[in-house]
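*Asks:* This is the structure I have questions about; it appears just below.
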Amino acid sequence: MRVIDSHTAGEPTRVVLDGGPDLGSGTLAERAARLEAEHLDFCASVVLEPRGHDAIIGALLVPPSDPACAAGVIYFNNLQNLGMCGHATIGLGVTLAHLGRIRPGRHRFETPVGVVEIDLIDANTVSVVNIESYRLAKDVTVEVEGVGPVTGDVAWGGNWFFLVKNSPIALTGANIRPLTDLTLKIRTALEKAGVTGKDGAWIDHIELFGPAEDPAAQSRNFVLCPGGAYDRSPCGTGCSAKLACLAADGALAPGQDYLQESVIGSTYKISYQPGPGGGVIPTITGQAFVTSDATLIFNPADPYRSGIRL
C-alpha cells in the first residue's frame, strides 16, 4: 500500500494512493459508509500504531462521483470516518501537487459531505473553500464533573463542535494533558445532558479558545478530536464552525481576515462569505509539507498488522 505523509500546521495526514479496499459503486457518501461499516481493520492498520499514531488522519483516494472533481476522498481517524477535514484537505492538495497530479489554481474535491474547492497557491500553500457552516445553538450550559458549569455554542463546520469561548485552563503546550482531560469531561457532559448536533448527531469535537500568543493572531485554540487526540493545527472544520459563530454574533464581517492560532502556535488565515442557506462559506488558508513517500507492508504473520487498539 503506497502512502504519502504530510503535516498541515503540525497535524499529520496520510494519503492512501493505492491498496485500499474495494468499496464498490454508489455515491461517495455510500462508499464512505461502507468503509466504516466493513473495513475498520483497514482504517486502524493505516493510522494506528505500529505504523502510525492517534493524531494521524487518513485520506483514502477514491474515484469521484462528480467528473468535475480532481479527486474523491474519504477521511478517517483512529475511531471513525470524518465527514470533512480541513487540514487533511490542505495536505491532500499539497500531496497531489507533489505527485504532479494538480497544478496551481482552483480544484474541486468530492467528500462524503459535499464538494469542496481548493486554491493551490504554491507548492505548500492551499486555500480551502469549505462547505456551508452554521451555528445550531448559542450559549448552551452543561455541568462538567469536577469543573462546574461550562457554556459554549454548538456549530457545524463539516463536523460537529462544541465551542467554549474562554478556556478555564491556559492554552499552552505544558497543559496538553489537563486540556485533554477537560475536553473529554465536557464531551461526556454533553452526552449525559442529551446535547447533540442536528438530527441527534454526536458532538465529537470540543474546541476551547483563549488569548493568542502571536500578536498577529486574534485567538488561540485547543481542539479535542473524536478519538481523544488533540489537533496540532488550528483545525479547519473547527475554524469553519467558529466563523459561523462569529458571523452569527456580528463579530466578523464577510471577507474580513482572522488569524487563528493553534495550541502549538501554528496558524490559519480564515474568512467567510454569506452562504445560500443562511450560514457561512468559510475559506481556510494554511501550509502543508510532505514528510514521506512510503510503502506500508502487511505481513499475515504480524499479530498487529491491523493496528494496536487499547
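Note: Cβ is positioned from N, Cα and C throughout, glycine not excepted.
The active site, proton acceptor annotation in Swiss-Prot covers Cys85. Annotated active site, proton donor per Swiss-Prot: Cys235, in sequence order. The substrate binding site annotation in Swiss-Prot covers Gly86, His87, His205, Asp231, Gly236, Thr237 and is backed by similarity to another entry.
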*Asks:* Between any two of Gly86, His87, His205, Asp231, Gly236, Thr237, the residues recorded as binding substrate, what is the biggest Cα to Cα distance in Å?
*Replies:* 15
*Asks:* Among all chains shown, work out which of the binding-site residues His87, His205 has the most CB atoms within 10 A of its CB.
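*Replies:* The residue with the most neighbouring Cβ atoms within 10 Å is His87.
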*Asks:* Take the mean position of the Cβ atoms of Gly86, His87, His205, Asp231, Gly236, Thr237, the recorded substrate site. Which other residues of that chain put their Cβ within 8 Å of it?
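*Replies:* Checked against the 8 Å cutoff, the neighbours are Glu11, Cys85, Gly157, Gly158, Asn159, Val223, Ser233, Pro234, Cys235, Gly238, Cys239, Ser240.
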*Asks:* Please report how many Å separate the Cα atom of Cys85 (active site, proton acceptor) from that of Cys235 (active site, proton donor), as a whole number.
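*Replies:* On Cα coordinates alone, these residues lie 8 Å apart.
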*Asks:* Can you see whether DSSP assigns Thr237 (substrate binding site) to helix, strand or coil?
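*Replies:* SS state of Thr237 (substrate binding site) = helix.
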*Asks:* Using a 10 Å radius around its CB, how many other CB atoms surround the residue listed as 'active site, proton donor'?
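*Replies:* The answer is 31 other Cβ atoms.
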*Asks:* For Thr237 (substrate binding site), which residues of its chain lie six or more apart in sequence with Cβ-Cβ distance below 8 Å?
*Replies:* Met84, Cys85, Gly86, Asn130, Gly157, Gly158, Asn159, Phe161, His205
*Asks:* In sequence order, which same-chain residues at least six apart have a C-beta under 8 angstroms from Asp231 (substrate binding site)?
*Replies:* Glu11, Ala55, His87, Phe222, Val223, Leu224, Cys225, Gly238, Ser262, Val263
